[in-house]
Structure formats: structure tokens, C-alpha cells
Amino acid sequence: MYVSESDLCGFYQRERDHVSRLRVSRDTLTQLGSIVRSTSGISKHRPWWEISCLSVVNDLPLVNVFVAKIINQLDGDGNLPLGLALAEKQTAIANVLCEHKADVNAKDQAGWSLLQRAIQRGDAYSAEFLISHNADVFCVTPGSLDTCLHLVCAHGESVLSCDEPGEPFYRDTSPKSEVSLDITNKMADIAKILLERGLDPSKKNAGGFTPLHVAIMTKNMKVFNILLNEESIDVNAKTAEGFPPLWYALYQTNQFDSESFAKKLLVKGAKADIVCSENRETLLQLIIRENFEDAALFLLEYIPSDVVNVNHMNTYGETAMHLAIIYGHTRLVSRLLKSGANVNIETVSLNGKDFRKFERYSGYKHTCLHYAIIHHQIKGLEVLINHHLESQPTDNSLDCNLRDSNGNTPLSLSILLDLKEAIPLLLKGGADINAKNTEGLTVLHQAIRNGYTETAIFLLNNGADINILTKDGTCPLQLCIEHHLPQVVESLCRRGVDMSVPNQQGHCPLWAALASGQEDIAHILVRNGVDTDAWGEGPDGCYQTLLHKAIDESNQSIARFLIQSGCDLNTPRRPSPEGRGGDESHDGYTPLHLCCQWGLVDVVQALVEHDTEINKTDSEGKSPLHLAIENQHKDIISLLLCHPRLDLTVRDKSGLTPFAAALTYRNNKAAQAILDKLPSAAEQFNNKGQNFLHVALQNNQVENVLFLLSIKVDVNSRVKDSTQTPPLHLAAAGGNEVLVRSLILSGAKVNEVDAYKQTALHVAASKGHVVVVSALLQNDAQPEMCDTDGNNPLHIACKQGHLAVARVLLTESNLEADMINLKGHNPLHVLAIYGKENAASICSLFIETDFPLDKQDFDGNTALLLAYMKGNGNLCRCLVKAGACLGCMNRDGVTLFNYQVATKQLLTSLLDSLEREPPWATGDICLECVAIVVVYCVTNAQDKGYQ
């Protein structure tokens, strides 16, 4: 509010009498002028008010200056007149202002009163003036709610970092000036005045801080002492966050003499075991967490001896001992142990704050030992162990085998976190080296699984069980193989570990090492006497060695290793002790047999080099060479043939030698290789008396035959049995013209006979192979040669009804067609006796050659009579049509007319078919009479309706 010049002049006139009652100096009046200008807004360049005042009161001691209308107004800078007067220590003016109703409780724009501002700036003069003029000492600052006593306490050796309640503060270690110290001292006097005026020394601000808190925080010892002398002071009052004054006293310094804040608070009755934080932590625990070991040790002197307080647990179940271990306070650990701290107390939940650096591991139910391991506090661990060893056993004695929520003892936890230094200490303290966690793992198992070689060997040296199994049945040796720890394997083997315990897949350690490519570990096992055979279950329950298994799985590297390590080379698989096993348990296959079957060249090489039994046979009598030939493994065949003790005469149960097998399976290269080694191999005979040429011909194996012919085998060698069959006969029987001609070209005798005096032509005629018959005839085969029954090839062809063969023999040879056999039968007789459906066609061939149709055999039978007796109507009609005599009688007097048949229908049809009178025949009986009688009988029968 601005005041005009006329208003001021009027004001002056009205207050003139009153001014005369005030005596002021010229300096005071000048000061007053400045105040008025500041209050009224009159320009400083127009000092009329000051001149006017001075001219009016020149040499007068009194002046009257203000009206209530403007006395409590703020200037442009937000200052009050009374405040300005007090700031300049103008007591007279201040009194004048107060007499004219200046408000001693007036507040500035921020809401602070004159008293609060005076205390804030350390102005004891202004504070005392205002308090003496009844300023409100119970007012609080806006927002922070600080009382005047809070503001007084703030004038200590340190300053706060912020004005916000509850926020942290920082120490100010800079030296204080004499002026600052003077302010502190004067503020102490103000504190006394305020307390005398009834201000509550335990009044809290918005952050819950009492003046006592602030005095400690600012190291204001003078005010602190004044406050402690108050009977109503609450030395255990907590801030909004739960901190008592003692917390700040301990926080402020590491010196705890009799004159320290902490010492005085404790003497006054501050509780040393007070629970402070929202996590229900005691003051001791908070101090430990802030890493103030000296403060914690000091505080322990004032904690009651009752161990319940020493063992107080926070929300997570942590005691002071837990925290002392976390932060490595070994002196404190020792002190707590002497105070009876229970080191076996377990946490009840996870304190994520303390475990933030240990993401590898979490959980709860942790003892102090667990904490020492988790936080890598070896010195703390050492203190705990040594105290345990030096103390008498009690109910609270250190237990090194308690498990946390994950089932880990401190020892297993040290393995898990790879804290090697802790292991010997824990073992020294009584940790069970063979205890298992919830996963069924001992510390040895854990060390191996984590790949800690040195730790595992250390555990073995300290008595760890070398054969103890995991929950899934895995032994330490198998774990070492799984995680490739050869040094640990060596250590286990030296201690006599069982090297036969299988893993989850049923594999023994040696196989597990080899299957995973760890030959270094396999060598260690072999060097320490592992069973390189390790008989175990194989296909269909049979029993087999590791070598069998390796070969069966075509794993040549494992097989070679086993062979080089001295395993059994010659034993075949066998039935299990319970008698189980399929064909594999009875096939008699040695490892070499298996290799020859599967084509494992490298393994065969290794077996041969290590002197395996190369000629051993299986259950079928087959040698390894037989199997190699059967399976066409040429490299293996070559390897075996190079062996000096190879027996090429070994026969299997089928009588096949390796050479025979080569031919059987058409492996000519193998056969040639065998012949190169044993030239007589091709002439060997099987148990049927057949050599390889015979078998090849019999099976129509053109390639084998040609191969044998190429190596100049005997093409006239007979089968060594009762038949004495030459090779050409076998070829003729097969009907392969190529083979027949090849044999002939190779020197086979065309007219060679077998035991029945049959030539190859006989055989070809019997089988109906016309092309072979032609080939033989073209190569000078003699068709007139007869077998033991006197039959020539034509007899045979007629007997078998081979029209084409008969035609060739009749047309392409000089064979006499009417030759008779030992029974007097010519080929036509044979045709009549054994006539097939095509007998008439064959007969036509004979008719074309002017064959004597009525020639009789030794019994007087003609071909027609024989055909009639056999009921071959077609052949009979063909003969009758060709002019064969109907009336020929045999030596038994039998003719067509008197031969007893079921019906005369055939005879009647033959008679009806006569186109001319049949030829006459001489004999002992009149054929005409017989014919008349027959004709009569037949006619009479027909007349009576008989057939």
C-alpha cells in the first residue's frame, strides 16, 4: 500500500502533540525515515519526509510516526516494519511500532512468523524482543511443522542437508567461525526461554523429529544438554520412520566417551534395545547394517544381559549375529558370542536387500554359518568355528549340519558357491562330509557336478565316501565322467572306487567314458584295472562284452580302444544267467564275425593285429571269411586273406568253403583272390559230391560258370555220387544254351555218359530243351547212343512228349528212327505207351518218314495195339488213318477186337473211320471170323439199344 505526501503531512499534524513526547536522536529519525519510505513506497530520491520530519522537530526530542493503517503491511521485498527494525536492532523504533499495534506474530509471505525468522537466522536479539513482547512461542512452520525449539536446535556444529522432514542428513565437518559459535550459544539461551515459556521439548515435526533429534543431528551439544535437563523430555521418541535420538547419536560419531550424545542419552534412560524400523529391527541391528561396528560394540554394553535381546530377530528372522556376519564385523561377532548369541537361529524368509548381490542363491532358514558362506565372510566363519571349538558343548553350540530351505548345509552351500576356503573350516567344526541335501547330493557330488576338481580331491582326502550314490543312483565316478574330471577319476581309482557301477542308462564307467569321447579317463580306468569286458545285457537279454556292444553299434573307435586295452577277442555272446537271449546268444559270433558282418574294417585290422582266432566258426560252421564274403566286404576279405594262418578249407554246415561261398554269392573277385592263395580251392567238393562248377551249373549261375571256365576248371569232372553226372549233363538239364556251348568250347565231352549211360543229349531230350538238343547235335553229339534201358534220345523225347525235340532228332540227325530198346520198343511204341496229348502230332512226324507202323515189339504189340490198350484215341485214329493194320495180334493173342475194355466205342469209331479195306495180317487165328463175330456182336448190341 502506497501513502501520498498529503496523507503523511496530515498524519504528522495530527500526531504532532504526541511526537513532542518522544525524544529521538537525528540518527534514529533518519532510520525511521528509511523505514517509512520502505513502507510507504516513496522514492528514495525525494527525502521530503525525512527533511519535513527534521524541520518540524528540529532540536525537539519527540516525534510521532505511524498509524495503525500501515504498520503491519509488507514491503515489496516481503518485509514487515517491525522485522526491519529488529533486524537493525532499533529497539526504540521497534517499541514505537509495538506501541502502535505492530503485530509481533505477523507472518511473511511464506507463512513464517517474525520469531521463526529471527531464530532461523540466529538473531537472538530479535527473538528475545519478540518473546518479551509476548510473541507466540508455540507456532510451527508451515509444511515441516517445526517448533521454535526445532529451529533453535538447528544452530549446531553441523547443518541439515534439506528442510524436508524425514529425509537423510549429511555431516558438515567444516570448522565453524566465532560468529557461528556465538549464535549457537545465544540460541541456547533462547532455548531456555522457550522452555520456560512452556514449549514441549518432545514436540515432533512433520517427520516425527523432536528438538532432541535435531540437536543431535546438528551436533548442538548446548541445546542438547538443556533439553536433557527437562524432566518431560522423551529420549526414546521415534521419528516417522521409527528412529529414536540414540540412532542419530550413534550415527554421528565413532567417539563414545562420557560427553558423547549417545552416552548421555543412555544415562538419561534411552533404550539400547529399542525396536526401530518397520522390519522390527533393533537399534543394534540398524547400526550393524550401517556398518558402524564401533557403535554396535558400544551399544552392546548397555543392552541387558538377557540373551533374548541379543538374539532379537527382525521380520526376516535375522539376528544381530546374522548382520554382523554379513558386514564382516568380526570383533562384533566375538562380542556377541560372549554375550550368549545363539548361532543356530534360522531366518524365516528371504531378505532380498541383503541378497541382491547373490542372485545365484536365495532361500531362508539360514543360520549364521549359511550367511558367512553366502556373503563370503571367511573371517567371520573362522571366528564362529574357533569359538565353537574352544567352548564347552551347550544346547546352543554351533551346529554345522543344519539345512536351509533348499536343503543345503553350510558345507554343501560352500560347494555350491565355490567358496573353497570355507570347506576346511567347516570340516574342522564338525560338518558331516557325507550329509546329503534334499536333492540327495553329498558335497562330493556337488563339487563334481560343478566341476571343482581341487575341491573334490580335497574332500576325498578328508574322507568323503567314494561310492555313495545320488538319489538317481549315480556314483561319484560316473559323475566325474559326466563332467570330465580326469584328475578326480584318478583320485577315486587310487582309493579303490567300484569301477563297475552303471549309470542311469545302464552303462559301466568305461563305456560311459568312451561313449563321450573321453579316452583320457578311459586310459585312467584301464590303468587302474577296470574290467575291459564288463559282461552285461545285450540284445534280447543276451550277455555281451563291451567289445560286442561297440561292434554292434558300429563304434570303431571304442572297439579299437578296447582291443588295444586287452579285452577278450574271441568269446561270442551268450545267454544271460537267467537263460534269456535271442538268436544273438546262440549264433556263436565272435567279435571278428560281427565285424565281418557289419563291415568294420578298422576293427578287423585291430583284431588281426592282436592275434584273434581267425578261423573260429560260428554256430553254422561259418568262419569270419564266410561272413565277409556273404556281406561283400572286399576290404575285410583282403585283410583276412593276408593272414598267414587263414584256413581256406573250412566248411560251414552247408559244406561251403570260403571259395564256394564266394561263388554262391557271386563274388568273383573274392573267389579269384582265394584261388590265388589256394589254387586247388576250385576243385573242392561239398558233402553232396559236387564241386563249384556242378553247383553253379545246377543253379544256372552263368557268371559263376563263366568265371570257373575262365580259371580252367575241369569241365568233365563228375559229381561224386551214384549218378556220376558230368558237368555237360547239368548244363543240358538247365536248358541254358550259352552254358552248354561254353562247356563244349572249354572241352566238355559231348558224348560223355553218366552212371545210367545217358548222354547230355538224353538229358536235354528228357527236359525238352530243343535249343540245347540242337546245340549238342551241332557239336557232334551221337543221337543213337542208348542208356541202360536201351533208349536213345528219340525214345526219351517220345516218352516225355516233346514234339519239338522229336522233330529235331528226326530232321537234324541221322538217327535211325525205328531203333528198339531193350524191351523191343521203338520210339513209336514208346509214344504209344507213354503218349501225351500231343502224341498224334509226334506220330505224324514218324508217318512223314515212312516209319514201319505195324512193327511189333518183343511181345508182338504194334503201336496201334499199345495205343488202343492205353485208350489213346487220337493216336489210334492217326495210326489207322495212316494205314496201320487193325488185326495184328500179339503173342498173347490179343488184338483190337478181343482186348477187354469197358466199352467198344473206340473200336467202333476206328472201324467207322475206315475209308478203305484195312491191310491183312497173317496169324494163327482167322481175323476175318473174329471180325465177323465182332461185327455181329456189335451190331446186335446196337440193335438192342446197348452202347
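Using the three backbone atoms N, Cα and C, a Cβ is placed for every residue, glycine included.
Copied from TrEMBL, the annotated features are:
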REPEAT    77-109  repeat 'ANK'
REPEAT    316-348  repeat 'ANK'
REPEAT    439-471  repeat 'ANK'
REPEAT    505-537  repeat 'ANK'
REPEAT    542-574  repeat 'ANK'
REPEAT    587-619  repeat 'ANK'
REPEAT    620-641  repeat 'ANK'
REPEAT    688-720  repeat 'ANK'
REPEAT    723-755  repeat 'ANK'
REPEAT    756-788  repeat 'ANK'
REPEAT    789-810  repeat 'ANK'
REPEAT    859-891  repeat 'ANK'
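A contact between the repeat 'ANK' (542-574) and the repeat 'ANK' (439-471) is absent, since fewer than 3 of their C-beta pairs, 6 or more residues apart, lie under 8 Å. Outside the repeat 'ANK' (316-348), and at least 6 residues removed from its termini, the chain residues within Cβ reach (under 8 Å) are 279, 282, 284-285, 288-289, 291, 293, 296-297, 300, 303, 305, 307, 310, 354, 364-369, 371-372, 375, 377, 379-381, 383-384, 387-388, 396, 398-399, 402, 404. Helix, strand and coil residue tallies for the repeat 'ANK' (688-720), in that order: 16 helix, 1 strand, 16 coil [DSSP]. Per-residue pLDDT, averaged across the repeat 'ANK' (620-641), gives 95.
For the repeat 'ANK' (789-810), the residues of the chain that approach it from at least six positions outside its boundaries are 759, 761-762, 764-766, 768-770, 773-774, 777, 783, 817, 819-823, 825, 827-828, 830-831, 833-839, 841-842, 845-846, 849, judged by C-beta separation under 8 angstroms. Residues of the repeat 'ANK' (542-574) grouped by DSSP class, helix first, strand second and coil last, total 16 helix, 3 strand, 14 coil.
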